[in-house]
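Peer 1: Here's the feature list from Swiss-Prot:
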type: CARBOHYD; residues: Asn23; note: N-linked glycosylation site
type: CARBOHYD; residues: Asn58; note: N-linked glycosylation site
type: SIGNAL; residues: 1-18; note: signal peptide
Amino acid sequence: MNSRLVLLLAVSVALVSAIAVGNRSSHLKKSKECSSDGHTERCEYTGDLTVKTDSTCNHSTYIMTKVTPPNESPSNGVAHCRTAPCNSEDYADVDCLVAFGADNIAAIEKQ
């Protein structure tokens, strides 16, 4: 009887875990555009991430401008991210690590 209880608990945990995860897909689109005036180079890194989990869909944007050699701007090299439900223009600022994850940020910045 004790082994049946353990088996029942294991099956219950597996079912709850499968329900919690759901069907998830994501698509990352990234780009890097640079320009130079002969003294400095200005590069803009952008990323668009769409994440769908079951019936929920979110779209996040990433933008970072990096000037080299570094300038005095406090925003130089600092990423700004926003997120919104898919098919909405009601974006809210969000922490980039939360919206994109470390792997996607690395992919955007290593172009």
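A Cβ is built for glycine as well, from the same backbone N, Cα and C atoms used for every other residue.
Keep in mind the model is a prediction, meaning the values are calculated, not measured.
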Peer 1: So how many other Cβ atoms are close to Asn23 (N-linked glycosylation site), meaning within 10 Å of its Cβ?
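Peer 2: Its Cβ has 8 other Cβ atoms within 10 Å.
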Peer 1: According to DSSP, which kind of secondary structure is Asn23 (N-linked glycosylation site) found in, if we only use helix, strand and coil?
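Peer 2: Reduced to three states, the DSSP call for Asn23 (N-linked glycosylation site) is coil.
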Peer 1: Validating a neighbour-count step here. Other CB atoms within 10 A of the CB of Asn58 (N-linked glycosylation site): how many?
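Peer 2: Other Cβ atoms found within 10 Å: 17.
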Peer 1: Pop the Cα-Cα gap between Asn23 (N-linked glycosylation site) and Asn58 (N-linked glycosylation site) into the table, whole Å please.
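Peer 2: Each residue's Cα considered, Asn58 (N-linked glycosylation site) and Asn23 (N-linked glycosylation site) end up 14 Å apart.
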